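Colleague: First the structure, then my questions, so here it is.
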Amino acid sequence: MKLKLKNVFLAYFLVSIAGLLYALVQLGQPCDCLPPLRAAAEQLRQKDLRISQLQADLRRPPPVPAQPPEPEALPTIYVITPTYARLVQKAELVRLSQTLSLVPRLHWLLVEDAESPTPLVSGLLAASGLLFTHLAVLTPKAQRLREGEPGWVRPRGVEQRNKALDWLRGKGGAVGGEKDPPPPGTQGVVYFADDDNTYSRELFKEMRWTRGVSVWPVGLVGGLRFEGPRVQDGRVVGFHTAWEPNRPFPLDMAGFAVALPLLLAKPNAQFDATAPRGHLESSLLSHLVDPKDLEPRAANCTQVLVWHTRTEKPKMKQEEQLQRQGQGSDPAIEV
């Protein structure tokens, strides 16, 4: 029994010595585990660097987008607006001026129905930030609406629109703003924008490249949801209208634009104050174009981008009552 235990102990001792010698030998061998460790460390370093860059980007304020320069080749839109003194005049003109301010390369020709410019309109134009020309001409008494007459009985704004056409043709008359007319050869388009309508800025994109006379529908006019040209195969073949459809050009004043070179080439083309009711637009267009040559815009006249809106006349009963008591609103406050 002792012999056997001695042998077991000896065997255990020899195996232990062999294992120890093997371990000592392995400690002296080169290790190939360093390259993976170096690669992992580099990946961590790159991730830390990327995180630092992202944190710096988040702290940096966003860059202000650069405004593209206004292309000089873009034709100018000359917007002719007749206006007259009334309680809602300033409100109408503020709304219109802020729409026009969204349109690049636009020149506003604002024509007062007055002998001379008024401070209200002069101040509004100066504050508008628009390129403008201020004109004034009084409507003759024989052409003015009489008390109680509806607005459609007599054509309105005739003298004022013709005054603006005269200025474009170099006949002067400006009382404020830009006083020199466009030089010969100027590419542009002329649009007649009443001060009480509602305009989408998309409308001005549609008209800008007019070659002759461009046309489109007008909403809320003529007792209809809209009036406008009927188009087939890209050409105007008729008009959707209910009142006197046989007029030469059954269009609303807001429903067309004219190329400036065409107007300048036809010096006698203007609005006729003696034209029959509803024929004012035709009195100008008949000098400029044949109906078959009209240029349909607004997706072949299927989009309404201008509306013939009207601001309700304010009721001033309380104001009149206070005025009789000597307590009316301060007249020095412009409304």
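Each Cβ is built from the backbone N, Cα and C atoms, and glycine gets one as well.
Annotations for this protein, taken from Swiss-Prot, read as follows:
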| type | residues | note |
| --- | --- | --- |
| TOPO_DOM | 1-7 | topological domain 'Cytoplasmic' |
| TRANSMEM | 8-28 | transmembrane segment |
| TOPO_DOM | 29-335 | topological domain 'Lumenal' |
| BINDING | ASP196 | Mn(2+) binding site |
| ACT_SITE | GLU281 | active site, proton acceptor |
| CARBOHYD | ASN300 | N-linked glycosylation site |
| REGION | 312-335 | region 'Disordered' |
| COMPBIAS | 312-322 | compositional bias 'Basic and acidic residues' |
Colleague: Across the compositional bias 'Basic and acidic residues' (312-322), what are the DSSP residue counts per state (helix, strand, coil)?
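Modeller: The compositional bias 'Basic and acidic residues' (312-322) comes out at 6 helix, 0 strand, 5 coil.
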Colleague: Run through the Cβ atoms and count how many others sit within 10 Å of the one on ASP196 (Mn(2+) binding site).
Modeller: 18
Colleague: To see if you understand the setup: which same-chain residues, six or more apart in sequence, place their Cβ under 8 Å from that of the residue listed as 'N-linked glycosylation site'?
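Modeller: Looking at Cβ-Cβ distances below 8 Å from the residue listed as 'N-linked glycosylation site', excluding near sequence neighbours, one finds VAL231, GLY234.
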Colleague: I need the CA-to-CA distance for ASP196 (Mn(2+) binding site) versus GLU281 (active site, proton acceptor), whole Å please.
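Modeller: Pair distance, Cα basis, whole Å: 18 Å.
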Colleague: Any same-chain residues 6+ apart from the residue listed as 'active site, proton acceptor' with CB under 8 Å of its CB? Would you list them in sequence order, or say none?
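Modeller: In sequence order, the residues whose Cβ lies under 8 Å from that of the residue listed as 'active site, proton acceptor' (at least 6 apart) are PHE249, LEU251, ASP252, MET253, PHE256.
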Colleague: Need the DSSP three-state call for the residue listed as 'Mn(2+) binding site' to compare against my parser.
Modeller: coil
Colleague: Average the pLDDT scores across the topological domain 'Cytoplasmic' (1-7) and report the rounded value.
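Modeller: Mean pLDDT across the topological domain 'Cytoplasmic' (1-7) comes out at 58.
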